[in-house]
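Here the structure is laid out as structure tokens; the discussion comes afterwards.
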């Protein structure tokens, strides 16, 4: 017996080898010659099919039945691989999201209470009645094959004299037809079900994105980018998978099971009822296990949300993590969430194994219980009874095995539906910005308006205000700061404000110019602020800056706001830290909730804004300015000039204004980011502009230029609301609003001076500080001569007036200076640095982002080998395959034993009894169940281990990637690996691998038994296998490329989602929601298009394989007619019918496996990306325990390029910094200042030259040691989600007392101590903290780190003067023994440095003490001080 089986296996191997060789010869010679002869490629491959309609729409019924309409893609994929997107025709119009999304919009717009799943069924089921009819037809037709088989087996059992050969042949063809029609119908039902699933998926993704663009700020806080990505990927994929496979079957499976069991009872009698009872027991058990699977999966998805959110935060803050050397900390946080996720995924796998055991064993248990009962009742098991029952059970196999999976998928679907429903019911932002209307004729006037970040609190406040309407008490609050209550008990300068005869307006000489409306408005404002206005000069002298910085989290609401911005004039909003400036601007934009108390505002018809955190798209410089507007070259050039962008364009090289900008402007300086967003607003030509801190991030020269040429120039005649803490510009404003501790005080500049707000004193204090620093420098140098210093003081108005005309000129006399900060070199026009047309050469030079990697060709065994080795070993996998094969052999032997039982001669007393046969049969079933459990545990171990290893390796690879990797790859693309790809690896690969091994084992054993029964059937088998192999070759070349394109086509969806999420405020203020919505619809349609053709190609081969399988059934039946052993004949035909199902399922799941293994391929490609340069063990400099001990820094001929072929950012840069020196580094935006800091941290490696710290070349220092030894306060403070403690001391290196002491030094102790959980209080990405607070927290980190070298990278640009003074005071007190590098563009920030370094175009043009530079009238530094003097006095 064993020898015969070995011979059969050898024959099968020889057959496959022969087939493979013959097919290769045939395909690569005959077919390719034919291809060349008929020029197939000229027919299919030369044209661009991207915009051509779907060929299915114009195909005839025969092409639709055979899926011939998709052959063009198959042939092009085989003959001219790889495929690209232009080879793929359009999506059918019925599947486009423009036609499907409106079906679900009721859920958003009408506050539908209908559950999402029910709503989808009601909308999409009637559209796809063909799919419903096909599913019903397949269920009904599943009874036909067992009936035909029953008659065929009755024919086989007859003696030869009673047989009529033509009857047998007719029944053979009936088996062929019933098998083919049944399985072909399933293919068509899959196809139409798949179309439904695409409609649902596209519609859901569209409405989720549309809803996201409408989210209020509170809702946005509840849904971070990780949650949004999960909604758009994992949750919508659950819907797609369910509606593709189960949305009709969930109703039909129970009916099908009951009907087939009823048919089994009809065939076998009352014994079938016992089998029915066994089935009833297994179904609830499977359902319970399925529920547990879904429960654990849902829990794991919650941890996956957190993991992806943390990963997104890691990618967004990768620069800061590397500078702080905190990668390990963040990796541990992500790994912690990953472990929790894997814990529940592991529990899910245990339940999954139990489900597989129950469902796979149930058919055998039903058969055992049925035959046992049948035997005990005294009946004989005949061939007709036995194999008809087996066929019924084979038909029962899919509904029985699929029903539990279907139920637990439905439970998972409910969980996803609830997540989506909750999101869709989230509160939305009010429809329009606060100051929109159609007239635009009047001032912006707001009276008695309540603002709040929280809608619920706003309603409570409104109700409370209504209840207390008659009380003489008012509350005025703006976002943060204390709540000031105005009562009748206050007095103002000794005057009782209840005195109606007190003429406040006369006292402060306020003139309303006979404007009754303005008089009423100002009177109301003055009544509110009377009790709060003090002598501001006294306040400035006695101010406690610690109190100014104290805040409570979350920020309190804003109530009873009165605000005015005159039409066509400049309004400046100013105030201290957390005074409410940005909240007021957000309220005007409609970004926070509002309720009108008494009156509505007059409005303008268009409004644009710039925000403190600039939003830049990952597209070209030009597109970021145009922002969807058509190109107007004349205006475009004016905008470039007004925003001082021409020198930056020149520095971009050959790419000019088509140069790509990294996501979030990662490759740009902070000042350039702000100027680009200012240019965007200016180009759009609005009626009203709200500009939030745009002048703080640029140097004084550029700030003055922008103020004069942009704000007072091109924006002249527009309503401009400028939010700034730079009070030197206030005197130029037409209307001033001071926000002080939640109170709005407003009027003209002179009116506010009369009220006691002394701007001049604050400005003079700042100017005097510069003057005192200069005088101190003189004293330190014992230099008392009269020098030109007096010309630089802020009181010398004569020189100021003479120099006002020189603000925009080059600094003559300094031959080191390359060019002015604001103008182009002579001979270069602005037109020459703007690309005239989109020529391919310029575009290629302008590219920053790299095209997403896409492997080509068949990944073959290599990718599977890598995947398996990550979870176990190749030998372990081979052992698993053997167990799969063994279990199927045992099952097949049980069927063989059953035919022996049915065929034995019961009249012969020497033959074994029925009990003997029954016991052996039970032993076979027991062995099958045991090996079943073992095989599933083994494959689960491999896939689970691989998933764990892949994520860990991916995370380590990303964290070690150089900064250029993140500049060249959008966040969405990277998160796609951590989201969709890892999710597929975690969940779907287990099912796919298991099903492929199971079906493969079934096919091998089935083919083996058929050849064993009828050896001559091997001859036609060779032909059929050869034809099948040819189909497979054509299929594989195309489907692999389609799957890769499909994976890549998802990245733009996620990238755009991430981009829009981060830029919602800007997008909404520009009214660009529709444009981005259309972009997302295009991206979704492209992804669905590739998905559509991918599935169509699978159906093309599926229908052909089904036909070949039906021929196998026909041949097996024909050979059985002439077989002398009826039992073996019955076994052969039954096995052939099983091949039909198994081959169909194998093709389906193998295609699914190939698709999912692409996720492994994509993750693997990121694991192998280049890493940051590691120091070799031999080259590593073994530093002492304390390093650096002195803090000496030396740059030696350093040259740095961000990319190999780019312009050098630093050139021939040499500079030596002694220990404990304070170095001030200044230069225009983009001059290379920040690159110096980046090079110190080895964020960018030197192209040439070297950097030494304490005499050690930092390129030979371990990266972690280097970065952890240098302190930094960055220009864009980044606060990670987590506690205050985590943001200050992530490695628990310091005690609570040390942390509190550091907080006290930066004057944040009071703020943190008032938080509910003190150091453990959560700050989600810095929400509720001002820029100043964030900078102080970063300063606190530097104090705790106690490094010998500290870098301050433009750390005070975006904060007010008081906070800047606090930071400088803290630096002086806590970093006395440190080497300090201060990068800045404000002179007063670095004037007290020991030396000043001036950088221009990447070169060091001046480096000396401040005094020496000041004494040199030709130096750049002395001219900068003069310029600073001129600008401020001109404004005054």
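Cβ atoms here come from the backbone N, Cα and C positions, even for glycine.
Annotated range for transmembrane segment in Swiss-Prot, selecting from 108-128, 129-149, 192-212, 213-233: 129-149. Swiss-Prot lists transmembrane segment for one of the ranges 1059-1079, 1080-1100, 1101-1121, namely 1101-1121. According to Swiss-Prot, the feature transmembrane segment maps to residues 1017-1039, out of the candidate ranges 1017-1039, 1155-1177, 1178-1200. Just so you know, the Cβ of residue 1227 (ATP binding site) picks up 26 other Cβ atoms within 10 Å once every protein chain is counted.
Model confidence over the domain 'ABC transporter 2' (1193-1426) is summarised by a mean pLDDT of 83. Proximity of the transmembrane segment (1101-1121) to the transmembrane segment (349-369) is not established, fewer than 3 Cβ-Cβ distances being under 8 Å for residue pairs spaced 6 or more apart. Same-chain residues lying 6 or more positions outside the transmembrane segment (873-893) and placing a CB less than 8 Å from one of its CB atoms are 364, 865, 924, 927-928, 931-932, 934-935, 938-939, 942, 997-998, 1000-1002, 1004-1006, 1009, 1135. In the three-state DSSP scheme, residue 1227 (ATP binding site) is classed as coil. DSSP gives residue 575 (ATP binding site) a strand state.
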